[in-house]
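Report on the following structure.
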Amino acid sequence: MPPYTIVYFPVQGRCEAMRMLLADQGQSWKEEVVAMQSWLQGPLKASCLYGQLPKFQDGDLTLYQSNAILRHLGRTLGLYGKDQQEAALVDMVNDGVEDLRCKYVSLIYTNYEAGKEDYVKALPQHLKPFETLLSQNKGGQAFIVGDQISFADYNLLDLLRIHQVLAPSCLDSFPLLSAYVARLNSRPKLKAFLASPEHMNRPINGNGKQ
């Protein structure tokens, strides 16, 4: 039986970064898909610590909060930088990813039609810090921090990929980010996952907007 279980809705949402991480690291996991109708009936929602998903099982350990899950996998699978300084930078990057993800989620679920044009116009200022970070690390030819992949790379990659769906030209003025996405997308195990029906058939968001 796989050591990990992801309990989540039938969407990419806040779980695709951890799925990409697990796939790229050669880990197996089980999916428990929760239909919205079942969720709204209440028992599972009431049993969840914060009343929300994802829920993540690692053996006897139950975790909630997607970023806590990513950090846990980072620690257990050696994806948290090579020392404390790199770990601090990985945390900083991941917090930056979360800031932009929250803006994205707000657009998708509360203001898509009225807000998309302004959101896309403002997007370059939110992407620029990641381009800057890449430029400061081996000229942008490696990962976002150091010379080994971290959990923040998977989270950033997911964020960039969903923005390429929202605004296909969003990385045109960011050559390092564009090359970074292409480079990570081509990692053999990750490439296989991204081409799989499990990923391809899973909508990005729960309301059909992307």
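The backbone N, Cα and C atoms fix where each Cβ goes, glycine too.
If you check Swiss-Prot, you get these features:
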type	residues	note
DOMAIN	2-81	domain 'GST N-terminal'
MOD_RES	Tyr4	phosphotyrosine
BINDING	Tyr8, Arg14, Trp39, Lys45, Gln52, Leu53, Gln65, Ser66	glutathione binding site
MOD_RES	Thr62	phosphothreonine
DOMAIN	83-204	domain 'GST C-terminal'
MOD_RES	Lys103	N6-succinyllysine
MOD_RES	Lys116	N6-succinyllysine
MOD_RES	Lys128	N6-acetyllysine
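DSSP gives Tyr8 (glutathione binding site) a strand state.
Candidate binding-site residues: Arg14, Trp39, Lys45, Leu53, Gln65. Nearest to Lys128 (N6-acetyllysine) by Cα distance: Arg14. Cβ packing within 10 Å was compared across the recorded positions Tyr4, Tyr8, and the lowest neighbour count falls to Tyr4. Comparing CA positions across the modified residues Tyr4, Lys103, Lys116, the one lying closest to Ser66 (glutathione binding site) turns out to be Tyr4.
Looking just at the domain 'GST N-terminal' (2-81), the mean pLDDT is 96.
Distances between the Cα of Gln65 (glutathione binding site) and those of the modified residues Tyr4, Lys103, Lys116 are shortest for Tyr4.
For the binding site of glutathione, formed by Tyr8, Arg14, Trp39, Lys45, Gln52, Leu53, Gln65, Ser66 according to the record, the largest Cα to Cα distance is 18 Å, rounded to a whole number. Calculated from their C-alpha atoms, the gap between Trp39 (glutathione binding site) and the residue listed as 'phosphothreonine' amounts to 18 Å. Close to Leu53 (glutathione binding site) in the fold, though at least 6 residues off in sequence, lie Val7, Tyr8, Phe9, Val34, Trp39, Tyr64, each with a CB less than 8 Å from its CB.
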